[in-house]
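**Student:** My questions all concern the structure below.
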Amino acid sequence: MSYRELVVELAREHAEALSDALLDLGALSVSVEDADADTPDEQPLFGEPGLVPDRTAWQHSRVVALLSADHEPAVLLAAAANEIGLAETPKFVVREVEEQDWVRLTQSQFEPIPIGERIWVVPSWHDAPDPDALVLELDPGLAFGTGSHPTTRLCMEWLEQSVKPGQSVLDYGCGSGILAILAKKCGANPVIGIDIDPQAVESARQNSERNRAEVTYGLPDACPEGEFDIVVANILSNPLKLMASMLASKVKPGGRIALSGVLARQADEVAAVYARYVDISVWREHEGWVCLAGTRRESH
């Protein structure tokens with residue numbers, strides 16, 4: 001069977017309703033994406049702390065629907081638009097999707113990723129290219145963080161250079177658990193991973209088990225009291241600013257903090273908020289993203 005992809009870009013207030021209508025009318029699957037992804041106008045993921053709670057799509061949204069060949073895209077979209085009360089049918093693009101081995105195709109798109117001096121992130125269907133490398137086995141999944149995004153890479157490079165055996169590490173916004181797992185493999189103990197998404201927490205636990213890395217995961221209300229030698233947070237600039245006091249308070253005096261999910265143009269603003277608590281600056285930039293790193297002052 002052949003398939004078609006119907007791609008529609010429209011305003012935030014209609015994206016979720018159109019998605020539901022397309023599914024009701026027979027679409028096989030529908031996803032909503034940020035139409036400005038990987039540009040300076042990219043918006044934070046929804047559900048992050050400090051964001052508008054009822055915001056369910058991006059300001060400039062892209063709806064992508066997978067249709068079987070027996071559905072006419074224009075007719076289906078017109079019906080969906082009418083169902084949700086749009087005055088006119090949005091502009092759209094149709095892409096032909098060839099029938100193929102989707103599992104094999106997906107796997108072929110994810111190769112082992114070298115990071116830093118000795119780290120390899122390796123999907124389960126591959127062998128590590130270097131038997132002496134520090135290997136993290138991680139498959140692409142629902143939780144963010146496979147090492148391919150610049151912010152994940154930056155944090156991993158920083159951890160590789162910064163973690164000393166026996167140091168305590170807090171990974172706040174742990175996603176897939178990739179940073180917490182790396183910290184553990186670098187000798188940190190204990191390592192704590194926190195995320196607001198229960199699905200991410202479960203994914204991180206599974207990834208840690210697969211990598212034989214003992215990490216404790218939980219939701220924010222389960223974050224332990226006390227301070228850590230190292231705190232790392234790869235989130236986004238808005239929640240990072242909102243949580244500055246809390247995150248800084250988790251760092252021991254003289255301990256270190258690394259922040260990413262920050263675009264280069266946002267670096268000064270984020271650094272200014274954290275400067276109240278830590279001596280912080282841009283550690284490294286990659287593809288328009290930065291990692292900020294700093295040390296908590298002995299007293300403040």
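Glycine is treated like the rest: Cβ placed from N, Cα and C.
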**Student:** So Swiss-Prot lists Thr152, Asp195, Asn234 for S-adenosyl-L-methionine; which of Gly116, Gly173, Gly288, Gly294 goes with them?
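**Tutor:** Answer per Swiss-Prot: Gly173.
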**Student:** Three-state secondary structure of Asp195 (S-adenosyl-L-methionine binding site) from DSSP?
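**Tutor:** Reduced to three states, the DSSP call for Asp195 (S-adenosyl-L-methionine binding site) is coil.
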**Student:** What does DSSP assign Gly173 (S-adenosyl-L-methionine binding site), in three states?
**Tutor:** coil
